[in-house]
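According to TrEMBL, the protein has these features:
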| type | residues | note |
| --- | --- | --- |
| COMPBIAS | 312-326 | compositional bias 'Basic and acidic residues' |
| REGION | 312-341 | region 'Disordered' |
| TRANSMEM | 12-30 | transmembrane segment |
| TRANSMEM | 42-63 | transmembrane segment |
| TRANSMEM | 84-104 | transmembrane segment |
| TRANSMEM | 116-136 | transmembrane segment |
| TRANSMEM | 143-161 | transmembrane segment |
| TRANSMEM | 167-200 | transmembrane segment |
| TRANSMEM | 212-235 | transmembrane segment |
| TRANSMEM | 247-267 | transmembrane segment |
Amino acid sequence: MHLKELLNRFNVSHFLFYCLLILQLVLIGLRVDGIISGPYSALFFPLWLWNVLVGVAVVMGVVRWCRSSRDYREDSELLYQFKSMLLSVFFQSFLFITLLLIAVNIDTSSMPWSASLSPLFLLPFFSIPSCLWSCYRKRSYEIEVMSMAFLLQFVFLAVRLDGAVNWAWSVVFIPIWLLFLAYLAGMIVMGVSTGLVYLLGENQQDLEQRKLPDILYFVFSSLLLLCLIIFMSLLSSRLDNNITGPYSAILIPLYLSLFCLIGLSTCRKPTNVWWFGIRKSFSDFILLSVPLLQEYINVSYYNNQHTVLPTKDDEDKNKIKKKPEEPGTLDWPYEDIYAPE
């Protein structure tokens with residue numbers, strides 16, 4: 001297990017977003033419980049900060065792209081990542097407009113909720129072609145999938161908040177319950193398929209390298225589903241006045257689910273290389289910026305029960321067949337440490 005491989009899987013943008021979202025939910029819980037006061041437009045400071053960071057990141061990425069050499073712009077992989085960044089910003093702009101309308105409507109009640117949530121109603125129409133392109137290019141498309149999956153829930157919320165229907169909140173959240181069932185079915189399929197891959201896989205060395213990230217992904221995903229089910233059950237009961245208690249306590253399972261998402265950010269695809277114009281993976285950027293860290297990450301771990309120790313001939317072959325260094329990446333030999341039997 002190479003530590004550098006684990007760091008390469010770390011998605012710093014997801015990590016930062018979930019941390020800011022936890023802070024945002026803490027502020028909302030305190031505001032609803034009356035512990036703090038102030039307009040919601042100011043209370044949404046963590047999300048405003050996130051949108052500012054996205055804007056700065058994409059501007060720096062575009063400037064770096066325009067100033068890059070022709071070799072970089074003609075590289076297909078870098079071109080796809082640049083287009084993926086622009087797509088992500090396009091969908092982020094819809095979320096920013098929605099957040100702005102919600103903040104204004106909470107403070108002034110100047111428009112119906114169906115108008116405040118209207119950008120979310122339009123988002124799925126752009127999500128379908130974006131998902132097809134992202135699947136073909138093997139890019140992440142979480143925003144697109146979430147916008148399509150939650151479209152019916154947004155409609156239910158809008159009509160309930162506008163007073164068009166007087167359903168119980170447990171009924172309003174039916175689309176989310178259905179999504180939980182679909183998520184549970186997907187988790188079962190993923191667990192069975194992953195188990196079969198490890199049982200029937202031929203290349204055991206590659207499987208050993210993927211084992212820890214796959215296990216972490218499955219564990220965090222399972223905990224995420226459990227925390228979300230508990231949170232939605234408590235929230236619907238609280239809104240229907242079936243239970244009492246502060247909203248800050250009801251939000252605790254949601255905090256735990258966000259911590260699970262933070263854990264999942266270490267098992268996903270790395271951050272787009274064009275954010276902030278760094279033009280390299282986050283791990284390479286950090287290690288090049290702080291060379292001292294190379295001494296701590298220049299280690300790989302093996303277990304003697306599952307790994308054959310390399311011989312002197314293997315080491316000589318590795319020295320001869322050294323992989324050429326790619327632009328913008330780090331290449332150094334690893335120091336191997338073997339666990340005692």
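Numbers run from 1 along the shown chain.
Note that Cβ sites are derived from N, Cα and C of the backbone, with glycine treated the same way.
All TrEMBL annotations are machine predictions without curation.
The largest share of C-beta pairs under 8 angstroms with the transmembrane segment (84-104) comes from 116-136, of the ranges 42-63, 116-136, 167-200, 247-267. With pairs at least 6 apart in sequence, the transmembrane segment (42-63) and the transmembrane segment (247-267) have fewer than 3 Cβ pairs within the 8 Å limit; the two do not touch.
With a cut-off of 8 Å between Cβ atoms, the residues of this chain six or more beyond the transmembrane segment (116-136) that come close are 84, 87, 90-91, 94-95, 97-98, 101-102, 104-105, 143-145, 147-148, 150-151, 154-155, 157-158.
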